[in-house]
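As structure tokens, the structure follows; a few thoughts come after it.
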Amino acid sequence: MLNKFIVIVTMLAMWNYAQDCNFELSKNETVQFTSFLPLILNCASISKFDTDLCETINDERPYNWYFQNKKIGNETKGKIKLVSSSQQMIIFNGSASDEGNYMCETINNNKEFISKTFDARMIEPSMTQMELLLNSFPNDHQEEINGRIYWLPEMILNHIRDVVIINQGAESDLHSFYYVSGSDSQISTFDVQWYFHYQPKSEDKTIIDHNIKTFYSSCNDLDLLPRKVNGSCYSSRLYLYNVEIKDQGFYSVEATLRMKNGSSHGLNFTYELKINIANILDPDKTNSILSTPQISFNLNSRVCINDRFDWICKVTPVVSYYVTIYKNNSNPNNITVLAESEVLQMNIDGNSGQGFYLKSSTVNYSVNSVQREHAGVYACRIINFKDYSSDHQNRHEPEVLMRLTVKDCVGNSYFTIIWYSISVGIIILVVISFLIIRLYNKYSNGYIVKTVIVQHPNKLYVPHDTCFPLLMPDITIKTIHKHINSSEDSLLQQKHFTNNSNIPFSQKISKYFRKSFIFSYRHVDVSSSNLDSPLGVISNTETNKLTSNSLTVETQRPQLILQNDANTKYILPSNIGWIFSRDSLIIGSKIGEGAFGIVYSALVKSFSENSASVEVAIKTLHTSFGDQDVINLIQELEMMKIIGRHRHIISLYGACIDNGHPYMVIELAKHGNLRDFLRAQRSQSKVGEIQNSGGLVTRLTVTDFLRFSIEIAEGMEYLSSRKIIHRDLAARNVLVDQYVEMKIADFGLTRIVENYYRKTTDGRLPIKWMAPECLLDRVYTVKSDVWSYGIVLWEIFTMGQTPYPTIQSDGMHQALRNGIRNEKPALASDEMYRLMLTIWNDDPLERHTFSEIIDKLTHIQLSNGGSSPKRDYLEISSNQCYSTTIV
């Protein structure tokens, strides 16, 4: 008998051992991940057994992973990484294709198969994660720039939420993770500094010099890095103990890397910390309740059956109150809240049924379809967490009551339908009336007539400084009539262009329009040959005609009018010969759009049977253009006329007006702007490839970058020799033609200067391309363009990156005063970077001229095995003084 008892006890012990010590996996999970970040799946055991009672077993179990019921094999190497004896799977650079069902499979101690499933769902990154991704660790080693700081994946994964929330009195830490590119022999120092400030981006900040630890670790020991690296990994942790309300605010961490070659790079991030002052789990650490809290609750209300009703209870001030809304089910006429009352809403951190965790001072309860059983008395009650106990329902607490009455409104539905129909009818009538008024104003009385006045200091101005000084015209717009109809418009035309036919035409224009529009009186047959001739050249015969006192107005001369979609007409003086008629243009597809307007590709049809059509670009305004847009257009046209022609400056061919809309016809650059061109080569292949007009594939090299730089410098040298400053030189404003030659464009901000130009008006400016004197004093010189050219050099050798990526535009001036400059591009030699730093000298007089820059770039090019560039662009000699007649 005793033996049987021992056997039974032994069997029970073994069964308990098997139950208590058997290996189990945790429950199935739903895992959320963010695009571009690792997806981490953990198949480890739940570790429920006691190691003092159970035999310790080395976990050498096999783990197999499946995706969508298909086993994951070696074909995913590089994309997927298995760590911790294959118990954990990391999928790098997560994307939508990684969504789905995953399963890990292993065996327990009884050699039975067990498994765990994961439902992986991709979510949008938080605003903080999107900010961090801009400087995240590059998955491709070729995108890694030496001497830069990047955020490690751990940094981004830890910021699913934009705000850090810590319970009052708790302990926590703020943690930042860095990857520093470059070997230890190249790095001089790496420093991390923490600050506290009450407002974001505030200059009033306090240095934190305690409870901080910065660690160095081997990058190749980190599981979340998808590749082997040569740099260093750091983490910095700020410890927070017993946090209080005064600790709430913004914590910024700034990392600075200084290289032995003199370059530096910085990376910063700001944490927003909020303190939960109502902590139900530890009521002793909450603030004391104010003696007279204010409760705002619904007033007595009547609602129809099936309508929606919202109960809203708000408590001020926001302190540690437990807020509830009650319904009294025992007696609707008794406004006292009883113990058996039904609690409609209590939340703790989003989990219903336990209480209210005070993240907000407001509690809401809604019923989408009210029924009769919802009628009754409701109460909003607050309880201080500090005094919270199980018998709180039996104590008198601050509360506000309201009565809800529910009624059947079906009998009133007829009047509701009538009222609804009348309201809709009134709205439709108002809309129709508004449209009729708009159409009436547009086609009857809606025109506002303005005249464009273009005044030149001299009657003749020429595109060469050896003939006459180059001066831009003064362009103004004057309203001459408001809300005239079609018949009045015809009378206006007759008044301006047919009366007093014996008066010389030049005097008429002076009388009615002062000086006028940009285009000269000449006729040009459009063909491929004359597109290469300078704009503004007219014959002596035509000049004599225009200056003759006997010139009269032709009775059939058409009036030139611009008209926008706001019913405003801009009257321009009529011209005998526009360079292009609308019929000579075949407009193609849209190739670009910006704040100025829209750019289309087009063909110019030849007037000659033997000449081919010419591909051009057409720049036009948006249909909603206004006075300033017209002025900017005329200024750019005037400036391009004065500039003339140069191999590395985009050419103006002419313009025309089509149904009141202006078209500026310019040279077509098939490869678009330089910035996008470089970025496209960077993203399409590891080594950029371009295709020239001959059909040959060419790889972009440093020699090409030097050629681009020299060509842009030659164009800027030409502008500076003519005392012209561009003011908006950037890679986005340099175009690339079919032969991959550089063409400077966008002269909307360009000005002519003797020594300097001072900007007196506000407007959008290219802050990160501007010199310090432009930012501080609004003074522009040729040396300001030299500074901008240095930024263009940096853009070229970084293949289109944005300058100063870690500095906001409003902080640029202070950064430049502190001596901060763009770091050395990975593709630039030391000699090239020294040239950039010289160009970015604070003193404009110490910066190189464009001629000196060309010489230095040519020397660098020859040192790299290139050939000296041929400067065979069109030169205008001093005896070629082309006059342009302005009426």
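Glycine is treated like the rest: Cβ placed from N, Cα and C.
Feature annotations, courtesy of Swiss-Prot:
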DISULFID  C43-C104  disulfide bond
DISULFID  C313-C380  disulfide bond
DOMAIN    180-260  domain 'Ig-like C2-type 2'
CARBOHYD  N28  N-linked glycosylation site
CARBOHYD  N74  N-linked glycosylation site
CARBOHYD  N93  N-linked glycosylation site
CARBOHYD  N230  N-linked glycosylation site
CARBOHYD  N261  N-linked glycosylation site
CARBOHYD  N268  N-linked glycosylation site
CARBOHYD  N328  N-linked glycosylation site
CARBOHYD  N334  N-linked glycosylation site
CARBOHYD  N364  N-linked glycosylation site
MOD_RES   Y757  phosphotyrosine
SIGNAL    1-18  signal peptide
TOPO_DOM  19-416  topological domain 'Extracellular'
TOPO_DOM  438-887  topological domain 'Cytoplasmic'
TRANSMEM  417-437  transmembrane segment
Take the C-alpha atoms of N230 (N-linked glycosylation site) and C380 (disulfide bond) and report the distance between them in angstrom, rounded. 62
Just to be sure I understand, if DSSP states are collapsed into helix, strand and coil, how many residues of the domain 'Ig-like C2-type 2' (180-260) fall in each? 6 helix, 41 strand, 34 coil
Of these disulfide-bonded residues, C104, C313, which scores lowest on Cβ atoms within 10 Å? C104
Around N268 (N-linked glycosylation site), how many other CB atoms lie within 10 A of its CB? 16
List the Cα distance (Å, whole number) between C313 (disulfide bond) and N364 (N-linked glycosylation site). 7
Between C-alpha atoms, which of these recorded positions comes nearest to N93 (N-linked glycosylation site): C104, N261, N268, C380? C104
Spatially speaking, which of the recorded positions C43, C104, N364, C380 is closest to N261 (N-linked glycosylation site)? Use C-alpha to C-alpha, please. C43
Mean per-residue pLDDT in the topological domain 'Cytoplasmic' (438-887) works out to 70
Between the Cα atoms of C43 (disulfide bond) and N364 (N-linked glycosylation site), what distance do you get, rounded to the nearest Å? 40
Once DSSP output is merged into helix, strand and coil, N364 (N-linked glycosylation site) belongs to strand
Which state, by DSSP, holds C313 (disulfide bond): helix, strand or coil? strand
